[in-house]
Amino acid sequence: MLLSLLLLGFVEIIHGAPTSNANPWGKKNITYTIIDDPINESPVEIRPILSKAFNTWSSVIPLNFIEVEQNSTTEADIEVIFTSSEGNPLFADRSGFVIPYKTIYLFTDSPRTINIIGQNVDQIQTDFYYEALYNVGKVLGLRDSRNKNSMMYTGYTTPVDSSGNYIEPKLSTEDIKAAQKIYGQRK
């Protein structure tokens with residue numbers, strides 16, 4: 001679990017467990033902002049991948065995710081914060097990170113990469129799209145899974161084919177059903 005937290009970051013809990021089809025935000029348009037873009041990955045690369053992760057979840061539930069600028073007058077519903085885990089009090093106590101809603105913390109000192117479909121993968125670094133999908137799932141309130149095919153799997157599994165080439169992570173049937181249990185289906 002510690003390795004997963006290091007590789008995949010974590011989210012801050014601010015609400016209790018969601019109930020079935022009870023949208024915790026009470027609205028369909030959910031805003032997010034990116035705070036402190038990491039130095040080693042440009043915002044040009046980060047933004048489209050985060051947007052794709054939010055949109056992947058949005059395609060199966062009736063929520064629309066809209067990015068707002070960090071300095072916007074509109075307060076974002078979700079903050080995506082890049083920060084160091086070293087000496088960070090947020091990282092000191094990892095107990096209870098189960099049902100999050102407000103903040104995704106992505107650690108700048110975790111090894112991550114942006115992979116290209118079909119390209120041979122460095123399996124030491126975490127795929128950023130995988131990391132983003134997982135963390136958006138956590139923000140939506142999904143629990144970790146023991147199913148290796150789930151995006152919410154408790155341990156990181158490098159998304160590669162039998163030849164070690166990158167394959168794009170996808171939501172499993174389990175992931176979709178879990179999200180739809182909370183939010184309902186997109187019509």
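The chain as shown is numbered from 1 upward.
Including glycine, each Cβ sits where the backbone N, Cα and C put it.
Residues annotated as signal peptide in TrEMBL: 1-16.
The average per-residue pLDDT of the prediction over the domain 'Peptidase M10 metallopeptidase' (25-184) is 83, rounded to a whole number. Per TrEMBL, domain 'Peptidase M10 metallopeptidase' is recorded for 25-184.
Counting every protein chain shown, 19 other Cβ atoms lie within 10 Å of the Cβ of Asp77 (Ca(2+) binding site). Here TrEMBL flags Asp77 as Ca(2+) binding site.
The Zn(2+) 1 binding site annotation in TrEMBL covers Asp93.
Annotation comment: TrEMBL describes Met152 as Zn(2+) 2 binding site. Over all protein chains present, the Cβ of Met152 (Zn(2+) 2 binding site) has 21 other Cβ atoms lying within 10 Å.
Across the structure, Met152 (Zn(2+) 2 binding site) and Asp77 (Ca(2+) binding site) are spaced 22 Å apart at their Cα atoms.
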